[in-house]
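Written below as structure tokens is the structure these notes are about.
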Amino acid sequence: MNVVQGNIESKNAKVAIVVSRFNSFVVESLLEGAVDTLKRFGQVADDNITVVRVPGAVELPLAARRVAASGKFDGIIALGAVIRGGTPHFDFVAGECNKGLAQIALEFDLPVSFGVLTTDTIEQAIERSGTKAGNKGGEAALGLLEMVNVLQELEQQL
């Protein structure tokens, strides 16, 4: 039986992190978690990490698409926080962001890791950005590192 799986060390990986500025009090912690994970676990060099800032979660897919189209990166991490309010706006923003990022991964055959929090409350967002529920930015980075390596393994074996 042949099993293809990736590890998380990826010293030469070039990673773009597309970050929403909206809800920055949460998103900055996600960014710190992602960068720390890339460096400590993935051994990714500072020079191989590019941060792209956009206004909000709706803008993440367009910026991520431009990054993917450049052909200069092995993967993209999208970070943001969409917190439910009193209107259906939350559903539209969260859904379109998720759909757009998934399309980019398939269109460009490139790992795009979804580190966009979609929570009902500010407290839930804070918990997922480095307190009780861990740091979802760091988790998104781990997933990205593994997928970069899985795709490289598949390329070599297929």
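Including glycine, each Cβ sits where the backbone N, Cα and C put it.
Keep in mind it's a predicted model, so treat the numbers as computed, not measured.
Residues annotated as active site, proton donor in Swiss-Prot, with sequence analysis given as evidence: His89. Annotated 5-amino-6-(D-ribitylamino)uracil binding site per Swiss-Prot: Phe22, Ala57, Val58, Glu59, Ala81, Val82, Ile83, Phe114, in sequence order, evidence recorded as sequence analysis. Sequence annotations record features per position, and here Swiss-Prot assigns (2S)-2-hydroxy-3-oxobutyl phosphate binding site to Gly86, Thr87, Arg128.
Residues listed for 5-amino-6-(D-ribitylamino)uracil, Phe22, Ala57, Val58, Glu59, Ala81, Val82, Ile83, Phe114, cover a largest CA to CA span of 16 Å. Across the residues the record lists as binding (2S)-2-hydroxy-3-oxobutyl phosphate (Gly86, Thr87, Arg128), the two Cα atoms farthest apart are 23 Å from each other.
DSSP assigns Val58 (5-amino-6-(D-ribitylamino)uracil binding site) to a helical segment in the three-state reduction. Checked against Ala57 (5-amino-6-(D-ribitylamino)uracil binding site) by C-alpha proximity, the recorded positions Gly86, Thr87, His89, Arg128 yield His89 as the nearest.
For Val82 (5-amino-6-(D-ribitylamino)uracil binding site), the number of other Cβ atoms no farther than 10 Å from its own Cβ, over all displayed protein chains, is 25. When the neighbouring Cβ atoms lying within 10 Å are counted for each of the recorded positions (His89, Arg128), the highest count belongs to Arg128. Secondary structure at Ala81 (5-amino-6-(D-ribitylamino)uracil binding site), taken from DSSP and collapsed to helix, strand or coil, is strand. Checking each of the recorded positions Gly86, Thr87, His89, Arg128 against Val58 (5-amino-6-(D-ribitylamino)uracil binding site) by C-alpha distance, the shortest gap belongs to His89. Sparsest Cβ environment among the binding-site residues Phe22, Phe114 (other Cβ atoms counted within 10 Å): Phe22. If you take the Cα of Phe22 (5-amino-6-(D-ribitylamino)uracil binding site) and the Cα of the residue listed as 'active site, proton donor', they are about 14 angstrom apart, rounded to a whole number. Cα of Glu59 (5-amino-6-(D-ribitylamino)uracil binding site) to Cα of Gly86 ((2S)-2-hydroxy-3-oxobutyl phosphate binding site): a distance of 22 Å.
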